[in-house]
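For reference, the structure discussed in these notes is given below.
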Amino acid sequence: MGWIHNANAAVARSVVGRYFRLEGSGHPRARKGSYFFTEIRAGLATFFAMAYIISVNSTIVSDSGGTCVCPIDSPDLCVTDSAYLLCKQDIRRDLVTATAAISALTTFCMGLFANMPIALAPGMGLNAYFAYTVVGFHGSGLVPYQVALTAVFVEGFVFVGLTLIGLRQWLARAIPASIKLATGVGIGLYLTLIGLTYSAGIGAVQGASATPMELAGCHPGSLDPETGLCPSSDKMRNPTMWIGIFCGGFFTVFLMMFRVKGAIIAGILLVSIISWPRPTPVTYFPHTELGDSAFDFFKQVVAFRPIKNILVVQRWNVSEYGAQFGLAFITFLYVDILDCTGTLYSMARFAGAIDEKTQDFEGSAVAYLVDAFGISIGSLMGVPPVTAFIESGAGISEGGATGLTAMTTGLCFFISIFFAPIFASIPPWATGCTLIIVGALMAKAVTEINWRYLGDAIPAFLTIAMMPFTYSIAYGLISGIMSYIILNGGVWVIEKVSGGRIKVPEKELKEPWTYKLEGGILPPWMVRAAHGKKDFWKRPEDEESYASGRTLDGAEVAHAEKRPEVSGGEKNDRSSGSSVEGHDARL
């Protein structure tokens, strides 16, 4: 259409077009194929691919109880305490606003300052670890909610420091590749288990006594008050479970198979719409005190819900939680480094922005700083660590190449703040299958693990197995890393002691591992400053060399003209969320 072409050209020639390096802007590093309306469409695609995080994150994190206090002598962790459940419901409404707000802020800033088409939001996996291990269900975990938020806040600023001095990239490489891949798979299984349980899922499994776990699926009211198990006569008879399985599960997967954009949010909305009418067996608003309160909020439809209970509630005196606080802090930091690093690099490569020589991308330091500051700001709002989302690939596959894509997504998240009554009224059985689907996608990376050598395979397997079985990402990482050190360190010691006479027959199959980085650990700006360069913040490449596609030393740079072509099938894979660029991208 002529007017669209003219509008794209006008924006490209403006200050905005030159800042974001749109094609036709005259900028020497203009990104080929980037047009104003294409960027807007790409931003909308990214939002619909990841809008599910608003309801899913609020559901998961509210299971910790937030600032609500469950009495120590409660026999069932306040599961039947109506006053506590009303407080928890209020926490979930706060979290809907907080999730949308921090996603809007960080995503918009990623586009504005880093000029990358990448969206951010509270990370899947880390939010479950935060809610079910660190704080625990209804506050039964390692530390109180307020202390956990303090760990997140501190982690964000440590992340800032690591980014500024260049250690962030080194730490991401220091962990062996097989364990890195296994971490993503383990978190996928961890999310799957959560999606199968009652509190944040469809209620298909339940913890048992004679066995670690058993089949459930009964009405919540029929659970045995002493054992918490389903009676045999009522197993698999809960209609909400079946609605979740078929309408939220199979329906969503069918849409993804046919490459329908926004498939996940479509499945969630279908189950929610079925669950909203009151006089039905699957209603989310039963005629109880809790149901009446939820329905009254739902009827507002459009309303701004301020963050009332979880805003700036950090507890700074953590002396009585020393070891637990340290474990939570280290796990948040390391998993977030892996998560953010993998996703940013994967999406930058997909967008054609990676410099193959340095394996870095333009604006990477700014992108990491946006993520790091977002972590700390998000903790002040009461949410777990923020990270880059692989669903950004949906927008990139639609042609998104600049920060305008992320800014559009951020504005969509901002608008969603005013629909808090809708997002707060999405039942857990609507999002349970979403967790299972995300878990299945993350498990894809298991094929890339080096299973040929036991020194790599056993640590990777322990990492995968321990995460869901111990209900903890931290314990999975500890198991994998310690077993890797013991097995491979032991082989090294035996070889040294024997003078090389005793060797592992298949050691040549071992995956190479190194902690070293090409060019050293320090970031380029710090190296330039150390050499006395006054304008150390400037890249050494001048305008002319970038225009020709070469750096001063003759190395190619990955700017817009080298953006890879992606086949239609691959584009659709990414836009539907059914495939990602290597699932070490998620971790």
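The backbone N, Cα and C atoms fix where each Cβ goes, and this holds for glycine too.
Bear in mind that TrEMBL entries carry predicted annotations, made automatically and left uncurated.
Feature annotations, courtesy of TrEMBL:
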- 95-122: transmembrane segment (TRANSMEM)
- 142-167: transmembrane segment (TRANSMEM)
- 179-205: transmembrane segment (TRANSMEM)
- 241-260: transmembrane segment (TRANSMEM)
- 325-345: transmembrane segment (TRANSMEM)
- 365-390: transmembrane segment (TRANSMEM)
- 402-423: transmembrane segment (TRANSMEM)
- 429-446: transmembrane segment (TRANSMEM)
- 477-494: transmembrane segment (TRANSMEM)
- 539-587: region 'Disordered' (REGION)
- 556-574: compositional bias 'Basic and acidic residues' (COMPBIAS)
Do at least three CB pairs under 8 A connect the transmembrane segment (325-345) and the transmembrane segment (142-167), leaving out pairs fewer than 6 apart in sequence? yes
Let me check one thing: do the transmembrane segment (477-494) and the transmembrane segment (241-260) come into contact, meaning three or more Cβ pairs under 8 Å with sequence separation of at least 6? no
Could you tell me whether the transmembrane segment (241-260) and the transmembrane segment (402-423) are in contact, taking contact to mean 3+ Cβ pairs under 8 Å with a sequence separation of 6 or more? no
Taking pairs 6 or more apart in sequence, does the count of Cβ pairs under 8 Å between the transmembrane segment (429-446) and the transmembrane segment (179-205) hit 3 or more? yes
Which residues, given as numbers and ranges, are at least 6 beyond the ends of the transmembrane segment (365-390) yet have a Cβ under 8 Å from it? 50, 53, 57, 61, 66, 94-95, 98-99, 101-103, 105-106, 109-110, 113-114, 116, 118-123, 126-127, 129-131, 149-150, 152-153, 155-157, 159-160, 163-164, 168, 307, 309-314, 332, 336, 339-340, 343-344, 346-347, 523, 525, 577, 580-581, 585-586
Let me spell it out: take the transmembrane segment (95-122), skip the flanking residues so only those 6+ beyond its ends count, and list any with a Cβ under 8 Å from a Cβ in it. 19-21, 39, 42-43, 46-47, 50, 53-55, 57-58, 61-62, 66, 304-307, 310-311, 343-344, 347-348, 351, 353, 361, 363, 366-367, 370-371, 374, 377-378, 381-389, 391-392, 395-396, 400-414, 416-417, 420, 423-424
